[in-house]
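The next block holds one structure in the form of structure tokens; read it before the comments.
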Amino acid sequence: MTTANTDSIRNIIGVIGNVISFGLFASPAPTFYKIIKKGAVEDFSPNPYLATILNCALWVFYGLPFVHPHSILVVTINGVGLVVEFAYIFTYLMYANKKQRLYVSKVLAIEVVFFALVVGVTLGFLHTIERRTMVVGIFCLIFNIAMYAMPLDVMLLVIRTKSVEYMPFFLLLANFLNGGTWLTFALLRFDLYIFISNGSGCILGLIQLIIYGTFYKSTSKENNDEKPSGDVQLSSV
């Protein structure tokens, strides 16, 4: 297979990954619609969305030509993700109480400082593409695996209760497909950091699907309309 053909296939896979990732970004929209209807966030946690903002920001920086060339599709989907996540957080702040707003503001401030430090150190002290890719890639890798691991508490709940009531199948499936798509993308023009993070995500996604299949039949079909949405913000790349 020629380099041109490989790049073409890689671009197609990347576009598919963008579409799946956008679906993951959009998945919490019904929850925020409920918040708007109720006029209050109640006990809803902003943590997954705050974490995703930093995760997306790091991947956007990673994909820039002066950090890691040939990664425009990584930049596009995470740029879109940043806009979507900020929209969620803005909605949260509109309906949050003073204590909740203060918490979100503090976390965002910490994230801005951290991201600025990463950018500053990378551009100020690392003067080769290889070194910039390695340092920023490691940060992306850490946060991406953490994002994929977020549903682990739900997995433990499913095993303990022998019920998948709180495990949204289509979100799990999208998570698995997302990891597999970006894993393929990383293999076509080998990218160690996308490969490791999405290889881990693909494995975790498969484990979650196996757990779902194991306990699906033992799940009571009652009160399905009352179960929580199970929104968990997942990684995009």
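One-based numbering along the chain as shown.
Placed from the backbone N, Cα and C atoms, the Cβ positions cover glycine too.
Listed in TrEMBL:
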type     : residues : note
TRANSMEM : 12-36    : transmembrane segment
TRANSMEM : 48-66    : transmembrane segment
TRANSMEM : 72-95    : transmembrane segment
TRANSMEM : 107-129  : transmembrane segment
TRANSMEM : 135-159  : transmembrane segment
TRANSMEM : 166-188  : transmembrane segment
TRANSMEM : 194-215  : transmembrane segment
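Here the transmembrane segment (135-159) has Cβ contacts under 8 Å with residues 48, 51-52, 54-55, 58-59, 61-62, 67-68, 118, 121-122, 126, 166-167, 172, 175, 179, 192-193, 196-198, 200-201, 204-205, 207-208, 211-212, 215, 230, 232-235, 237 of the same chain, all six or more residues outside its ends.
For the transmembrane segment (12-36), the partner stretch with the most Cβ pairs below 8 Å, chosen from 48-66, 72-95, 107-129, 166-188, 194-215, is 72-95. Residues 74, 140-141, 144-145, 148-149, 151-152, 155, 158-159, 162-164, 167, 169, 172-173, 175-180, 182-183, 185-187, 235, 237 of the same chain lie 6 or more positions beyond the ends of the transmembrane segment (194-215) yet place their CB under 8 Å from a CB of it.
Counting residues 6+ beyond its ends, the transmembrane segment (48-66) has Cβ neighbours under 8 Å at 28, 72-75, 78-79, 81-82, 85-86, 88-89, 92, 104, 107-108, 111, 114-115, 118-119, 122-123, 129, 132-133, 136-137, 139-140, 143-144, 146-147, 150, 193, 231-233, 235-237 in the same chain.
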